[in-house]
């Protein structure tokens, strides 16, 4: 309970923000403005650029004063209520916080001197918080016509050392140096606060004295010029005003009401690199920043409610301990600069000021003291001091150090002044008492005169008293009835408010349900849109795939027809080559047989001539028969030898031609077999490609059927879902009219279950569809890769077959050339042998002629005739042999040329077929790659999965009040409420008291 009361009494620290206008240097440099103040909305916006982006940070304070705000505006709106609270007996603190050069001292002090021309000593427009607060205090005290006393202190905190700015100037220089060496100590007062021992308290009686003291102390403050401020405060200052106001109670007792106002001007935090501080100034800036950093840590600890608050880390925080988290009302004036050059310090000031808003103080009114008690305490203090003085003089007491003795002497001096003041006040009070006694005597005389009149009115008073008692009883009864009615009305209002609150909760739950239904409908619409887009992607992919497959099928069919044509042309070429070879061989055979027959006829004719010559020569050459017989035998042997050689040559030629024919037939057979194998492979490849197309068509039909089936299933599912949702909505709407409380939750739950189940089924169907499409797509990719591999193998095999056929043809061509060369060599050998035989015959003839020249002179004519016939026969035979050899060589050359032409035609046909096969392979590869790319684009880029947007509501169970809870909100009947009120507040009739007959004392005049 006590902690709750403390929380109720706690008050947040009031934080004001003031932004100064641009200085002359900033105006000349055209510095950008980063601070925007909104006085009406109490907001401050800071514009900063981070990573090329402009970011605005907005801070909210209790009051905001822009660059155009005047000193009077700030004081009238924010400081006047604080000064009034000081006059009510509170301790209040006002301090300025911010960077150096932002106008803290100007805000707190301003222009301290009063205007000389004003009839009432009005302050100048630039006067700050301190002079305006002083003027308000004295104006208020003087207007109240009360006795008061005002004391002021003014201290400076420089480098963690406290200096009294109101120390008397007549102190000797040695004493002043000694005091400066020994700064004033800071001590605990035992009540959670601190006090400075030896601090001068100046008693002032009017505002002019305070202004003079303020000017004197401000002149002693340490200031210096920096790059940021021409007159920068190098220390913190604390100006305290303590007010004692005497009040009189109705009982005649006098009380002393005490209030204290602390006005703090903090030194500004500064960046040494920008302020240009060096050596001593840098040390000053370091101490200032250290104390302000400790102040920031204290603010952070108070805001975060840490167990330890570092008050003792700095004398500044020790002095402000009661103002931050204590029993004092605190107001912080944060001052900032609008320039971009001070953006970092401005953000730091705004952050600390914004955090300081969360500090909670527990202000308490200072306890009022009775004047007699205060005088008694002062007398006791005087007696104690006298005893100490006596002990010190008689040397029977405790000795203390010299500095403490001086401090106590100063304190005693102050106490003596206070006692003297109190004595003066006591004499004035005694004089006032005497005056009041005289007035009292005169009033007694006057009351004696009035007593006679009082006796006359007492009789009337008795009657009036009786009437008044009756009226009071009636009034009391009426007031009791009014209280009873008020109690009933309040209870009914409570019940009505509870019912309204419950209805609002139900309405918010219903609105939330409607929003969630809208989100679910939007999600279903997104799913339908995504499915439609995917269906269009699949349909377009199916159409493109069918068109590309048709193109590929047409290309392959054309290629197969071209290959069949090429194979037929090659087969025709082979057949024509074989036929030409057969024709040439038969012609050569005929020519050889004709040559042989001609040769045999010539030989027979020659033999006939020889036999005829022999028969004719028998009669004339009987004497040389032996020699002729020998010559004939030699000639017969020679002819037989020549005939054997000729038969042998003709046999060799026939054997060579037979071998050549068999080799040509074998070559033709092998070439046919090679082309047959190539044709079979082409047919296999064609059948494989046709099967591949059949598989593509089958996969496409499967995809089409599955897509149609999936679409139909989804459409049917959505129709079922729509019907079920409409039916359930109608039934739920009818039921909602009966019992709105319980069925709202059931309605929401059923809708969520129904929508969740349908969405799950749709999600499963979409995932199954995607898996099916992925499976068939992968199958199509496998089939395409297999077809590509088969086609590459086929192309490689066809190329190898072409190379083998070409090599085989070249080898057979070389073999035929070799055989023909051998045949030509054989013919040349036969001709040479024939010439050799002819020469041998001529030699034998010449020998025979030489031997038988004497014997055949008689038959010269006959021999010459026979020789001429033989020569003509020989010439004819030689001519026929030469013509036959030439014809045979010409036929062999023609056959060789025809074989070469046929081989070149076959090679060109095979090369053309190979080029078309390679072109077909490249075209098929490009079409296959295009199909794969299109499939990847269709199923990886265009085909999209459902992506959650985060807008689908999370499933949650609504809080449904029970019937008992709703019934408990119903207001009780009026009779029950009246009985309850009468039971808790029973009516007590007033006792019938008779009016007193004792004469009343006369009234004393309180104020004259």
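Cβ atoms are placed via backbone N, Cα and C, with glycine included.
Within the listed segments 402-459, 460-517, 518-575, Swiss-Prot records coiled coil for the stretch 402-459. Helix, strand and coil residue tallies for the region 'Disordered' (910-931), in that order: 22 helix, 0 strand, 0 coil [DSSP]. Confidence across the coiled coil (402-459), taken as the mean pLDDT and rounded to a whole number, stands at 81. Neighbour counts were taken at the CB atom with a 10 A radius for the binding-site residues 98, 101, 103; the maximum falls on 98. Residue 105 (ATP binding site) falls within a helical segment according to DSSP.
Taken residue by residue with DSSP, residue 99 (ATP binding site) is part of a strand.
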